[in-house]
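All remarks here apply to the structure that follows.
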Amino acid sequence: MLKIQNLSKSYRTENVETTALNNIEIEIKKGEFIAIMGPSGCGKSTLLNTIGMLDSPTSGHYWFNDEDVANYSEAKLANIRKHNIGFIFQSFNLIDELSVRENIELALLYHNIPSAERKERVEKVMQQVGITHRANHMPSQLSGGQQQRVAVARAVVGDQTMILADEPTGNLDTQHGHEVMEMLQELNANGKTIVMVTHSPAHAEFATRTITLLDGQVVEPALKAVS
Amino acid sequence: MLIYNYLLSGWRNINHNKLFSSINILGLAIGLAAVTLITLFVRSELSYDTFWKNADTLHRSHIVFKIPGRDPFKAVSAPGPLIHALKKDYPQVTQASRVANISPAIMVGAETFIQQVSLVDKDFLTMFDLTSLSGDLTNALNDPHSLILTKELAVKYFGQEDPIGKTLSLDYDYFKRDYKITAVIENSVSNTQLPIKALALIDENDWTDRTSLFAQWFSVNAQLYFQTKNPSDLDHINATFDDFSNRNFPKLPIGGADAKASDFIELSAMNIKDLHLHAVGSGEMTERGNATRVFIFSAIAVLILIIAIINFMNLSTARASQRAKEVSLRKVMGASRSNLIFQFLGESVLVTFIALAISIGLVELALPFYNEVLNKELAINYASTDMLQITGLALIVGILGGLYPAFVLSNFRPATVLKANKSAESSASVKLRAILVVMQFAVSIGLFISTAVVYSQMQYAEKMNPGFNKDNMLLVHRIGLDVVSEKLDMLVKEISKTPQVTAVTWSNETPGNTNENNTMLRLPGMSKDDALLMGQRGVGYDFFATYEIKVLAGRTYQKERNDTPLATAQIREGASRKSSIVINSSAARRLGFNSASDAIGQSIFTSRGNPNENLEAELEVVGVVDDVHFDSLRATIRPEIYNLNATWGQTLSVRFNGNPDTLKTNVEAIWGNAIANIPFRYSFLRQDVADMYKTEQGQAKMFAAFSGLAIFIACLGLYGLANFTATRRTKEIGIRKVMGASVFDIVKLLLWQFSKPVFIANLIAWPIAYWAMSDWLELFVYRIDNSYILLLSAIAGIGALLIAWITVATNSISVAKANPIKALRHE
């Protein structure tokens with residue numbers, strides 16, 4: 001599905017250059033469920049954003065479906081992204097002014113899909129995540145777990161093959177967190193590739209493989225045993 | 001200490017949010033400057049003639065002649081004999097004086113000046129408290145050989161010498177007289193309808209050859225001021241004026257035996273303080289103001305102020321959420337709500353005072369242009385209470401603008417704000433802001449439409465074919481004076497010889513420079529009681545050809561034919577001969593002829609001499625010419641006849657080609673050689689015609705300037721608001737971008753958000769502007785069609801939308817371009 005080679009990312013503020021990712025080498029196959037772990041500030045989110053094409057690498061290669069997208073323009077990336085990648089965030093990032101249904105539909109609005117088909121797909125995905133009874137509620141009227149279900153529904157409604165989740169359970173209590181993880185596992189079973197950043201070793205257990213980052217570098221699996 | 005902390009935090013806030021602060025301050029400064037300028041104008045307009053000691057009891061009489069089949073003729077002057085009847089019939093009238101302005105040639109030693117002199121009755125000096133600089137005013141007009149000069153004229157004629165007792169000679173053309181200077185008075189102020197340069201006494205015996213001035217009931221050539229015992233006497237006089245007219249006016253020449261004077265004549269009187277803004281009619285000594293205009297500009301001032309305050313409130317409340325944290329922390333530290341209200345009000349007043357300082361600078365920069373457009377001498381008087389008033393205004397604006405934000409901000413609950421870390425703004429304040437933006441745009445669009453309508457009407461007046469050619473025509477004035485009249489033939493010949501000149505004629509009146517002069521006309525079969533009143537003008541040979549007025553049928557006056565009319569004296573002696581007459585097409589219609597050519601060869605009778613003489617002259621219509629606009633488009637073209645003045649006129653009209661300045665120099669040289677002593681006075685016809693619309697033009701310019709400012713301030717606010725909204729919606733924009741929205745999608749989204757209020761504003765502004773401007777257009781008999789207002793409204797609407805789009809787009813694009821992860825991370 002994707003292959004990252006020799007990829008680095010650094011940020012430059014006025015006089016300090018910070019290296020967020022340093023010579024990363026990763027390959028992810030279709031259908032995998034990857035958990036990315038590591039302490040705060042190790043570059044997990046930067047890696048996820050780079051995979052999600054929200055951020056461009058400073059150097060290196062990024063093959064997505066055999067296309068090197070590392071130097072693509074923003075518009076080109078946006079186009080690949082909207083057809084292939086769905087996002088789930090820790091803070092849900094729903095639009096406060098839109099209802100549950102409208103929030104989910106938003107992901108289809110930029111796909112040139114006719115209105116009738118959009119409605120149909122939204123209804124279907126709401127059923128999948130069990131939020132149909134809240135379709136007309138506003139995000140502020142939902143619990144955190146329910147909000148995250150909406151976000152999951154939004155991430156998959158466009159038939160994206162890969163889902164990127166940035167600490168999807170970080171704002172949820174244990175029970176709701178567990179529900180969301182089960183939902184992701186089910187999606188993975190249905191063929192979606194999932195890349196998830198998490199702090200929780202328990203939730204990392206749901207993944208088929210774990211990548212650990214430390215100071216912007218992938219740590220060898222050998223070290224994992226030590227920790 | 002707390003105050004210091006407030007000031008510090010206030011100042012840092014201003015400093016920190018440079019964009020918001022500059023928009024706020026600039027908007028307010030322009031708003032305050034506009035309001036100050038308009039207030040100066042309005043105050044000056046309202047101050048006219050309020051300074052006279054007797055202002056409450058001084059009044060002027062006005063008259064309306066209601067002429068069948070014509071626009072009523074309204075005058076602010078009065079028949080000469082009215083003064084005597086008024087004093088006789090009304091015991092309430094204690095004093096009265098006519099004021100007739102005459103422009104004699106004034107000879108001081110070897111020098112000649114043409115100067116306006118006001119001829120008045122003796123009461124004038126006790127009615128009006130003039131300031132004497134030298135000489136005793138009480139006895140200054142005891143005889144018809146005394147003359148009072150203003151300081152300006154005294155210095156002009158006598159330099160630094162004491163003028164009292166000096167003599168000079170006035171040539172009225174009818175007679176000549178030596179006058180002795182008896183007093184010098186202070187120059188006339190600018191805010192009066194009674195600007196005096198020189199005063200002399202009326203002696204009716206001097207004017208027996210020219211009865212129209214002081215002796216005729218149906219001529220109005222002098223104004224009449226009178227004083228009553230009490231201010232309320234005015235109401236009584238106005239209520240009983242009809243009976244008074246019926247008692248005093250002689251039998252009318254129209255309306256038959258049963259006609260009463262009050263059927264055709266309407267007398268009224270108005271207090272002197274109201275004259276400048278409320279008087280109606282011709283015969284004013286100096287340009288009047290206009291109550292509607294004062295009202296409109298006051299309204300514009302209020303609207304601009306509202307727009308500026310709305311901006312202020314909008315931007316402050318918009319920023320409220322950004323300051324929510326500061327408010328919450330202050331509350332946690334123990335600040336009470338009133339502490340916070342005080343702090344935010346103080347901040348808003350601080351901003352207003354910075355704006356005030358800038359606005360005073362703007363006013364001083366604008367005043368020279370402003371005064372030129374308005375033909376006034378307005379200024380801020382820093383030594384008077386002006387500054388106090390302006391400061392008061394700023395204080396009110398600061399408090400009004402700060403009140404709502406202060407209450408919103410101080411009402412934040414710290415727990416919610418600090419914990420939730422989300423937009424602290426209530427939906428009510430979002431809604432209020434939307435309403436305020438709609439109001440701003442409605443006002444701006446309304447002003448824009450009004451400006452466009454006024455401007456279009458001006459263009460229409462300018463471009464409309466007046467029926468004559470107003471270009472390339474030099475007018476030489478004052479040829480009616482005896483000394484010039486004698487040499488008219490020679491002047492015409494000499495000027496015609498000038499290479500640039502193509503035609504020369506003379507006439508009593510020229511377009512834009514007319515008198516109301518009427519005569520009775522009847523067809524042979526008509527009884528005298530059914531005679532029609534029509535306008536008449538005196539023209540010389542070649543008048544129609546020189547003015548390029550279209551001849552519809554027949555011919556115009558020709559020297560080779562015996563077109564000269566009989567003199568009244570000849571008719572008195574029994575002479576009877578048909579004279580030729582040229583009439584306009586309205587007159588032909590009014591006389592009942594089916595077409596212009598039907599009128600040719602027909603006889604009409606015109607009355608001559610005094611009304612009681614019953615004299616008539618028989619005229620044969622030899623030509624019918626097209627209707628032309630001698631007067632402004634506000635007046636309907638009247639039916640009129642053009643009498644031939646074979647040897648006499650007031651103005652010489654010279655049609656030319658090539659350089660106007662060269663021509664003027666050449667004609668002036670000819671004048672100088674032929675006529676010593678009388679100064680050369682000229683004008684160009686095009687300018688005279690344009691001057692008829694001077695008031696409207698000034699109004700149009702002011703309108704344009706202030707509505708431009710209103711729109712600018714509104715756009716400033718919109719810019720700030722769009723910028724704020726874009727910031728506030730950063731998260732949403734980020735989400736949408738992650739979902740695949742392009743930069744264009746995002747900009748479109750924001751544009752639409754700001755298009756809605758503009759649409760609604762159009763819906764509000766259009767009907768109001770349509771109603772107001774169709775009303776204004778009614779003032780003009782010849783005007784653009786009302787459908788133009790709709791067209792201009794559409795243009796204004798689209799313009800406003802475009803301006804809003806440009807404003808919003810300029811700062812949306814950068815927000816839309818930003819990397820979405822930044823937006824989503826800031827949670």
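Glycine is no exception: its Cβ is also placed from the backbone N, Cα and C atoms.
The transmembrane segment annotation in TrEMBL covers B:21-42, B:294-315, B:340-367, B:387-409, B:430-455, B:702-722, B:743-768, B:788-808. Among the features that TrEMBL reports, domain 'MacB-like periplasmic core' is placed at B:21-239. Residues or ranges marked as domain 'ABC3 transporter permease C-terminal' in TrEMBL: B:299-411, B:705-820.
Taken together, the residues of the domain 'ABC3 transporter permease C-terminal' (B:705-820) have an average pLDDT of 83. Contact count against the transmembrane segment (B:743-768) (Cβ pairs under 8 Å) is highest for B:788-808, out of B:21-42, B:340-367, B:387-409, B:702-722, B:788-808.
Packing against the transmembrane segment (B:788-808) from elsewhere in the chain are residues 441, 444-445, 448-449, 452-453, 456, 711, 715, 718-719, 722, 750-751, 754-755, 758-759, 761-762, 765-766, 769-770, 773-774, 777: each is 6 or more residues past its ends and has a CB under 8 Å from a CB in it. Across the domain 'ABC3 transporter permease C-terminal' (B:705-820), DSSP helix (H, G, I), strand (E, B) and coil residues number 100 helix, 0 strand, 16 coil. DSSP places the residues of the domain 'ABC3 transporter permease C-terminal' (B:299-411) in helix, strand and coil in these numbers: 97 helix, 0 strand, 16 coil.
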